[in-house]
């Protein structure tokens with residue numbers, strides 16, 4: 001068979017882009033060779049509808065083993081009693097929880113998307129906001145942190161069936177204990193989407209929501225540094241509170257509802273090659289060097305945030321507890337949009353994404369902010385000294401967004417600097 005040079009040339013172009021640039025998108029990371037190897041394995045050939053030991057296809061004895069290892073390792077990392085590793089993505093994991101917990105039209109509550117929430121937590125263009133009825137809580141304008149008092153007020157008034165914690169652009173620790181107290185007051189299920197800080201939580205550097213929430217979802221990429229995918233967990237299984245029964249008349253456990261919501265609810269056959277790669281990544285999470293990596297992610301984020309503050313940038317909430325930060329450009333560059341800032345930085349081979357900031361006056365297509373994160377650059381071996389350089393280069397570019405010569409100089413500096421850093425240093 002003739003090799004598809006067209007596609008493989010494109011893949012090599014992307015490889016070179018990743019090698020030469022500084023990756024600061026908070027949701028991106030670089031996987032190890034063994035994770036990549038598992039993803040590209042012959043397991044991609046196997047159909048395996050169902051779950052280990054209960055499949056709808058024959059010949060699943062081998063993939064049963066790799067999927068069970070993924071489940072067991074994930075449970076060990078987070079202290080969970082039950083886990084499902086089949087969701088194809090974090091959004092799919094969230095959609096499965098919605099299907100298990102809510103009926104169409106039911107009310108739920110999540111963080112305002114414009115304040116750092118995620119589109120799968122109630123955006124009106126996402127299934128979560130189309131099929132179900134969202135209400136929202138916000139950040140405090142003066143602190144840039146979650147307003148738990150307002151969350152409680154909204155919960156008591158709206159009586160949501162489910163409350164969601166977690167977001168895509170929130171740099172601070174969450175008060176899971178308070179959220180559980182609020183959920184219990186109104187009889188709601190508490191779901192925590194820990195997709196962004198999951199790796200830091202796995203390393204014990206941030207509080208573990210599995211101890212507090214009824215249900216926890218996550219992606220397996222981002223800080224967790226695995227393949228692209230999703231998972232669902234529970235600290236403790238429990239009988240479903242709505243009295244749903246098995247054909248034998250027994251009350252179904254919540255794990256049964258969640259398993260059924262993933263398959264056959266929203267997915268068919270699982271991606272067993274990706275699940276094997278998840279298992280490999282979870283094995284890496286259990287190694288001592290993984291905690292050292294996550295400590296460096298956290299250190300690098302704190303140093304980068306402070307270096308930007310020292311240069312006159314505004315960081316929402318004044319800093320970061322995790323791997324990420326949201327830069328409000330308005331104070332330093334009043335006329336500069338996130339869209340223009342992103343384009344200029346990408347031209348200098350510094351990859352970021354535009355992002356709305358709390359109480360933004362601009363649209364989601366323009367924005368007044370950019371989001372930055374340190375997981376990927378830390379995987380390449382970066383330490384605090386490089387963060388100081390990066391802050392300097394960001395300021396140089398954003399002060400010269402229309403000066404192609406300056407941007408070219410920064411790009412050359414970025415490319416030269418990154419020659420010293422492998423894609424995967426751990």
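Yeah, the Cβs are placed from backbone N, Cα and C, and that goes for glycine too.
In the structure as shown, the Cβ atom of residue 119 ((6S)-5,6,7,8-tetrahydrofolate binding site) sits within 10 Å of 17 other Cβ atoms. Annotated (6S)-5,6,7,8-tetrahydrofolate binding site per Swiss-Prot: 113, 117, 118, 119, 363, 364, 365, in sequence order, evidence recorded as sequence analysis.
Under the heading site 'Plays an important role in substrate specificity', Swiss-Prot lists 221, citing sequence analysis as support. When other Cβ atoms within 10 Å of the Cβ of residue 221 (site 'Plays an important role in substrate specificity') are tallied across all protein chains shown, the result is 26.
According to Swiss-Prot, the feature N6-(pyridoxal phosphate)lysine maps to 222, an assignment based on sequence analysis. The Cβ of residue 222 (N6-(pyridoxal phosphate)lysine) lies under 8 Å from the Cβ of 26, 27, 28, 29, 195, 196, 198, 199, 375, each of these being in the same chain and 6 or more residues away along the sequence.
Between the C-alpha atoms of residue 118 ((6S)-5,6,7,8-tetrahydrofolate binding site) and residue 221 (site 'Plays an important role in substrate specificity'), the distance comes to 16 Å. Residues 113, 117, 118, 119, 363, 364, 365 are listed as the (6S)-5,6,7,8-tetrahydrofolate binders, and the farthest two of them sit 16 Å apart at their Cα atoms. In the structure shown, the C-beta of 113 has more C-beta neighbours within 10 angstroms than that of any other entry among the binding-site residues 113, 364.
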